[in-house]
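*Asks:* Sharing the features that Swiss-Prot gives for it:
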TRANSMEM  9-29  transmembrane segment
TRANSMEM  40-60  transmembrane segment
TRANSMEM  84-104  transmembrane segment
TRANSMEM  129-149  transmembrane segment
TRANSMEM  161-181  transmembrane segment
TRANSMEM  198-218  transmembrane segment
TRANSMEM  241-261  transmembrane segment
Amino acid sequence: MLTNNNNHPFHMVDYSPWPLTGAIGAMILTSGMTKWFHTFNMNLLMIGMTVIVLTMIQWWRDVVREGTFQGLHTKLVSKGLRWGMILFIASEVLFFASFFWAFFNSSLAPTIELGMKWPPMGIQPFNPIQIPLLNTAILLASGVTITWAHHSIMECNHSQALQGLFFTVMLGFYFTLLQMYEYWEAPFTIADAVYGSTFFVATGFHGLHVIIGTTFLLTCLIRHMMNQFSSNHHFGFEAAAWYWHFVDVVWLFLYLSIYWWGS
């Protein structure tokens, strides 16, 4: 199989059950979420989440085996993976553009139902120089630490790369905890007019991306501890770093538009 895969200029994917189990898990997860919304029963939701997590772990394990131990990630394959990550991030940019469009469409010309003002009548927005500003500083600091880790890997400095990755993961966890606290103390809900809807959908999806990025970086941290990255073969880390910088930039736009200008 190794010889066959290296004798042609194509990225041949081995047979894998994980796309199927991932699709089944996603179906169960969305069905369970709908059930949870209506009946407050999380059983089906937790089953779907378990299937998704197990699929992720085993799918990533197979990709690591192919790229690190079998040598299947040739230069052409790596180029394809890079373009795939670039296109994925581009699709995420358009995804968040729709949220900003909804926010500015509502805020630049408030309707009479909103009291002809923004924020709408009765809405007490967050103070942008409190938790939101702290979260901004946390993500900016995490951008510095992930860059530190990247340069350390390219310079074959194992210990500093480990430190940079560890600090980035910790900052990601800290951001998520602060976001949860902010939601818990929020003086408005997702049902409070279009302001509440756009606020929680935009910041909530960004928070989900922070959790995904933190998981991605935690995986890279574990792989680095197992000496699976070299100075010229570490695209898994590069992809995680690109994704994390994207999350940073999106948060800056969220902070400036929703927290600062929108308040």
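Positions of Cβ are set from backbone N, Cα and C atoms, glycine also.
Each of the listed features needs to be described in terms of its position in the shown structure.
*Replies:* For the transmembrane segment (9-29), the residues of the chain that approach it from at least six positions outside its boundaries are 1, 44-45, 47-52, 54-56, 58-59, 62, 66, 76-77, 80, judged by C-beta separation under 8 angstroms.
Nonlocal intrachain contacts for the transmembrane segment (198-218), taken as residues 6+ away from its ends with a CB within less than 8 angstroms of a stretch CB, comprise 92, 95-96, 99-100, 102-103, 106, 146, 165, 168-169, 172-173, 175-176, 179, 183, 188-190, 239-240, 243-244, 247, 250-251, 254, 258.
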*Asks:* Taking the transmembrane segment (84-104) as the reference, which of 40-60, 129-149, 161-181, 241-261 gives the largest number of Cβ pairs under 8 angstroms?
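*Replies:* Highest pair count goes to 241-261.
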